Amino acid sequence: MNKQKIRAAILAISSVVMITLIASAVLADIAAQFPNIDKSVIQMVLTIPSLVGMVISLMSGPLSSRVSKKSLVLYGLVLALAGGFLALVFGKVNIYILLFSSVLVGISSGINGTLTMSLIADYFTGDERSSLMGLQSAFVNGGSMVILFISAMLAGIQWNYAYLVYIILIPVIFIVAKNLPDDKPVKADKSENNSSDKLSTTVYYICFILFLFSTLLGIFQTNIAMFISDNNLGDASTTGLVNSVMTGAGAFTGVIYGRLKKLLKNYVMAVSIGATALGMLLIYTSGSLPSIFIAGILSGFGLSTMMPTAMFTVSAVTSPAKNATAIAITNAASSIGMFISPLIVNPIVNKLFNGAEEIKFLFAAAGLIIVAAIYIFVNIGMGKKAAQPAME
């Protein structure tokens with residue numbers, strides 16, 4: 001087993017996991033292309049991959065005990081390539097073609113978002129696992145930064161050209177095919193099927209916190225394009241740059257994640273949530289383009305410390321045969337939060353505040369502060385056992 005080749009394959013997959021965010025930069029253009037379509041339906045071009053990804057993520061855990069993870073990953077990458085090509089060629093024809101494209105990309109996201117972390121848990125242990133999870137986050141964000149920057153430039157020519165970026169999946173498919181071992185699925189021992197080996201309450205606790213975080217972070221990702229457009233702060237290229245700054249900050253955070261975890265210990269998540277809340281509050285209080293870029297940096301930091309911390313924690317408290325399932329459930333919690341974000345927030349803001357975009361960011365800031373308070377309370381009240389065991 002060549003760990004360097006496995007690492008290369010995992011990081012290659014990670015670099016395109018967030019390719020679904022391309023849609024966030026062109027939501028305002030899609031809304032202009034289909035003016036008679038409700039805003040919530042337009043936002044589903046971005047959020048459907050989260051819902052589909054959630055379902056597929058839950059399925060990928062059990063599937064990985066029957067089908068090799070290499071086969072599943074390759075299948076996911078090919079589907080994403082097909083979805084991107086469909087949006088590029090036919091996306092301007094009908095909104096439902098874009099939604100179907102999002103379904104295909106969501107399947108890929110669900111498979112690869114789960115299995116990249118599961119592969120790390122399979123082949124690496126201890127500090128090596130923790131550091132690689134941080135590096136994986138760096139590649140997720142670094143890859144996203146490059147993808148979003150290029151897609152924003154292409155969208156400046158014509159919005160559907162943003163989907164040309166999906167061509168980058170072709171070399172990733174070859175890298176995975178060459179370097180990832182086609183190992184037989186890991187099956188649970190009979191002793192692991194009894195009731196004493198159920199998933200730890202820690203897994204569900206982390207999922208709950210991650211669900212709330214993703215729901216509130218989703219406000220930034222699903223509304224920032226329209227906020228920029230409505231306030232005449234820029235166009236799709238501007239939104240793409242904001243997303244690139246966000247992912248760039250996330251990439252840098254991923255590189256130094258190992259050091260941050262040692263420094264912050266059990267309070268990594270609290271700091272993640274607090275930083276994201278501050279970014280949302282800045283948008284509400286200032287509403288300027290610089291404040292949006294700062295919010296992007298803080299959100300990138302928050303996401304890139306939150307995800308590896310959650311994944312490392314759940315993988316540390318589950319057996320090898322159940323790692324994929326635990327990680328799948330954790331990914332699903334994040335995906336559900338992202339999907340329902342506009343479905344919850346839009347009706348509330350529309351009813352109470354006449355749909356004012358800036359109020360959504362205040363809503364997010366307040367919610368995140370409450371989530372951080374809950375997390376800190378549990379940490380203090382229940383200690384490491386309930387919060388983040390094995391984090392040191």
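Every residue, even glycine, has its Cβ placed from backbone N, Cα and C.
Per TrEMBL, the feature domain 'Major facilitator superfamily (MFS) profile' maps to 1-384.
Annotation source TrEMBL lists transmembrane segment at 9-28 (among others).
Annotated transmembrane segment per TrEMBL: 40-60 (among others), in sequence order.
Annotation source TrEMBL lists transmembrane segment at 72-90 (among others). Residues 13, 16, 19, 60, 63-64, 97-98, 100-105, 107-112, 115, 160-161, 163-167, 169-170, 172-173, 176-177, 180 of the same chain lie 6 or more positions beyond the ends of the transmembrane segment (72-90) yet place their CB under 8 Å from a CB of it.
As annotated by TrEMBL, transmembrane segment applies to 96-120 (among others).
Sequence annotations record features per position, and here TrEMBL assigns transmembrane segment to 132-155 (among others). Residues of the same chain lying 6 or more positions beyond the ends of the transmembrane segment (132-155) and with a Cβ under 8 Å from any Cβ of it are 7, 10-11, 14-19, 21-22, 25-26, 29, 116-117, 120, 124, 161-165, 168, 236-241, 243-258, 261, 300, 303-304, 307-308, 311-312.
For the transmembrane segment (161-181), the residues of the chain that approach it from at least six positions outside its boundaries are 1-2, 5-6, 8-10, 12-13, 15-16, 19, 22, 25-26, 69-70, 73-74, 77-78, 80-81, 83-85, 87-88, 91, 101, 119, 147, 150-152, 154-155, 236, 240, judged by C-beta separation under 8 angstroms. Marked as transmembrane segment by TrEMBL: 161-181 (among others).
Distant neighbours of the transmembrane segment (202-228): 21, 24-28, 31, 39, 43, 46-47, 50, 234-236, 238-239, 242-243, 269, 272-273, 276, 279-280, 283, 289, 292, 295-296, 299, 302-303, 306-307, 310, 313-314, 317-318, 326, 329-330, 332-342, 344-345, 357-358, 360-361, 363-364, 367-368, 371, 374-375, 378, 385-389; these residues of the same chain sit at least 6 beyond its ends, with a Cβ under 8 Å from one of its Cβ atoms. Among the features that TrEMBL reports, transmembrane segment is placed at 202-228 (among others).
Positions annotated as transmembrane segment by TrEMBL: 240-260 (among others).
Under 8 Å from some Cβ of the transmembrane segment (267-286) lie the Cβ atoms of residues 209, 213, 216-217, 219-220, 227, 260-261, 292, 294-299, 301-303, 305-306, 309-310, 358-359, 361-362, 364-365, 368-369, 371-372, 375-376, 379, 388, 391, all in the same chain and six or more residues away from its ends. TrEMBL lists 267-286 (among others) with the feature transmembrane segment.
Annotation comment: TrEMBL describes 292-314 (among others) as transmembrane segment. Within the same chain, residues 117, 129-130, 133-134, 136-138, 140-141, 202-203, 206-207, 209-210, 213, 217, 220, 224, 227-228, 233, 241-243, 245-251, 253-254, 257, 260-261, 268-269, 271-273, 275-276, 278-280, 282-283, 326-327, 329-330, 334, 361, 388-391 sit at least 6 positions outside the transmembrane segment (292-314) and bring their C-beta atoms closer than 8 Å to a C-beta of that stretch.
Residues or ranges marked as transmembrane segment by TrEMBL: 326-349 (among others).
Per TrEMBL, the feature transmembrane segment maps to 361-382 (among others).
Listed as Cβ neighbours of the transmembrane segment (361-382) (distance under 8 Å, sequence separation of 6 or more from its ends, same chain) are residues 205, 209, 212-213, 215-217, 219-220, 223, 227, 266-267, 269-270, 273-274, 276-278, 280-281, 283-284, 295, 345, 348-349, 388. Contact counts against the transmembrane segment (9-28), taken as Cβ pairs under 8 Å, peak for 96-120 among the stretches 40-60, 96-120, 240-260, 326-349.
Take the transmembrane segment (96-120) and the stretches 40-60, 240-260, 326-349: counting Cβ pairs under 8 Å, 40-60 has the most.
Note on the domain 'Major facilitator superfamily (MFS) profile' (1-384): mean pLDDT across this stretch is 86.
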